[in-house]
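See structure below.
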Amino acid sequence: MAKLEILHFPDPRLRKRAVPVDKVDDEIRRLVDDMFETMYDAPGIGLAATQVNVQRQVIVIDVSENNDQPLVFINPEILDRVGEEEMQEGCLSVPGYFETVRRADRVRVRALDRNGEPFELETDGLLAVCIQHEMDHLDGKLFVDYLSPLKRNRIQKKLEKLTRQGALPKNIDRQHAI
């Protein structure tokens, strides 16, 4: 396994749309393993392949306290959204920033697992929010896109400055670093 480099906002590569995975093979499973290692090390609770500059529809998530419930979603598709909830979100690609975002409270999603087997999952709360957040990445969308242009621009300028200084913050609030 290998740790991958996480792209940071406003890197334009984060705006690229991911393409579906044609076949779940050893290369995809290796990517999944590397993504988990990268996510756990960051630390975070979710990571999309586009965040590590791989334009494939692959996300990994683990919202458990002990990093012992890893979930893999390949070619995920949301089938149903119910309700509305506001939750504080952060992002490994927008380190050090946490903002309130409104999303569906409950989702039903269909995807392939790490072996290419199809499955459906209906969930709510943090896992539902995390799935929606990561799926946004696959479409080139970031949680800062839900903020006002003024706030988004302020975050962008600050991160650009910190990047130039080599002083990007590390996400320390794992429960919100999606």
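Each residue's number is its place along the chain shown, starting with 1.
Glycine is no exception: its Cβ is also placed from the backbone N, Cα and C atoms.
What Swiss-Prot records for this protein:
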type: ACT_SITE; residues: GLU134; note: active site
type: BINDING; residues: CYS91, HIS133, HIS137; note: Fe cation binding site
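Residue environment of HIS133 (Fe cation binding site) contains 25 other Cβ atoms, counted within 10 Å of its Cβ in all protein chains. Listed binding-site residues: CYS91, HIS137. The one with the lowest count of other Cβ atoms within 10 Å of its Cβ is HIS137. A separation of roughly 9 Å, to the nearest angstrom, links the Cα atoms of the residue listed as 'active site' and CYS91 (Fe cation binding site). Other Cβ atoms within 10 Å of the Cβ of GLU134 (active site) number 24 in total over all chains.
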